[in-house]
């Protein structure tokens, strides 16, 4: 130890610059190791590997360089503080990536602030013992600074020297950017995928890039005017799919019941665990050709907003934001959403959710969408901790307690039930479990099947009520998966689950989620057309006999003969019946084999990018304030109030208690 310190003293030469460069070197090595161990960045060649190795250097020099402006020994302290700060940022991104296979953006920090109270248990599940190593360099710097035999003189770094350090950092960044642009032209101007920015420029430089992009988007609203909406309206009118006469108006005047299936992926349909069906009820509906339309090529299209993005798309047929969630960042916008459209056709609208209304900022967003009522956790019995998860009330009591509230609504109604039991980290009391766990050794994957079974059982109980009450025969019922439940980080375990290798292509195919639609009097069957959540609103409106072409909607009717089968993903990838685009590579959708770019693929790519770009312009610029469809009356969010009134709720609460007691 003494020899090490003596050598360190010689190296530092009692100079803050020595301490600075040691800090940069340790930080660079640590960050590179983090990149390789924690992130799946798709390194394809030696140049990308080299860029990944050097990109933390410029970030460390430029950030740690701020400490050199301090006087004397304060420089040492600031180097340690900045190192700790950047280490925390690295660690937060690692934990976030483990859950979402994505990187933190500034808008997601708003989401965390709003939802922090419910996130704790899920976050703790993501910690790993080796995480302490990401703070090892900080500890070593503190030891070097505090060791009593290691004296550091109060030497102020000359401003000229600081300038040279910054020039070196900027030069390294310029070389980094130049090489990145060579490998990936127009890197900063035409990418939807955060992975690219991190892979080429690094996580810290990406954070700066993200801040700049968010500043631009907020400025976009301030500078937008009525002429900006013209291109959007022309595009959506030109690409709108004509309704299929067979289905148009088939459900006119019927109730609408959306069932939001948390984290439900389509591979669960017909999947057997140890010879036993995991979701027997959903399976029965998928094969009920007389009563249900089952879409087996339906994909989620969410971004960082996950559940909130899924809701945003089905209500508006607008894509979620490239960073953050519209629910938290654009809730004050003008929208022409499903509850407002149907409200002006005589519908009463309501959302049922066993979590508190502030989660995902729903209490504000739902007002902008035009929901009449929002039955949140305040309307449910949240006292029984055995039936309450960190994300809300478990599905079985949730549906039971929702029934009396549903019965207070005037028909026809438009409703949405948001379930939570099948939510990461897939916690299930083993006394409630009716199927065993998987045995991959991956805790999240192994538990996934037990909560899926529980969610399936809860759905069956709710359907029993719908049939007994007569609502089943007078309601359109739409069940949809909101997003993936098992992320790309679990490919090894999923390979065991599916008994085949799950690589990049196969993982893209796993982004299918269930979509099942019941329309009274309409024959069902398996539907093989490709589509996504962006398509739900125009499909529903046409079933209800409402033409969608006057509205700004980027989806198309799944039942139309003109349906657009290009399914864009939020990161710019896309899938069609012919080709799957993943991070600049193209695969034959049917065989998984790599294919060369051709004219058809370029047309698909152009259409996907156009849809995403125009949708972003609408949301970021709040452009719908400049356009009102024929026959639509703009709503005022101030007309809606979701305040829980205990006196007004006593009658409903009494019905809830009676219902629960009768089911015991």
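Quick reminder: no glycine exception, Cβ is built from N, Cα and C everywhere.
Summarising the annotation, TrEMBL assigns Mn(2+) binding site to 262, 307, 482, 483. Mapped onto three states, the DSSP output places residue 307 (Mn(2+) binding site) in helix.
DSSP assigns residue 423 (substrate binding site) to coil, not to a helix or a strand. The Cβ neighbour count for residue 423 (substrate binding site), using a 10 Å radius over every protein chain in view, is 21. Residues or ranges marked as substrate binding site in TrEMBL: 423.
TrEMBL lists 637-664 with the feature region 'Disordered'.
If you look up TrEMBL, you'll see 12-29 (among others) marked as transmembrane segment.
According to TrEMBL, the transmembrane segment annotation covers 49-70 (among others).
Positions annotated as transmembrane segment by TrEMBL: 82-100 (among others).
Look at TrEMBL and you will find 132-148 (among others) tagged as transmembrane segment. Only residues 6 or more beyond the boundaries of the transmembrane segment (132-148), in the same chain, are considered here, and those with a CB under 8 A from a CB of the stretch are 5, 8, 19, 22-23, 26-27, 30, 34, 76-77, 79-80, 83-84, 87, 90-91, 94.
Taken from TrEMBL, the feature transmembrane segment covers 160-180 (among others). Below 8 angstroms of C-beta separation, residues 17, 20, 47, 50-51, 54-55, 57-58, 61-62, 65, 68-69, 187, 200-202, 205 of the same chain, each at least six residues beyond the ends of the transmembrane segment (160-180), sit close to that stretch.
Each of 260, 261, 263, 300, 302, 306, 310, 423, 481 belongs to the same chain as 262, 307, 482, 483, is absent from that list, and has a C-beta within 8 angstroms of the C-beta centroid marking the Mn(2+) site.
Proximity of residue 483 (Mn(2+) binding site) to non-local residues of its own chain (separation of 6 or more, Cβ distance below 8 Å) is seen for 263, 300, 302, 306, 307, 309, 310, 513, given in sequence order. The distance from the Cα of residue 423 (substrate binding site) to the Cα of residue 262 (Mn(2+) binding site) comes to 6 Å. Applying an 8 A CB threshold to same-chain residues 6+ apart, the list for residue 482 (Mn(2+) binding site) reads 260, 261, 262, 263, 264, 300, 302, 306, 307, 310, 311, 513.
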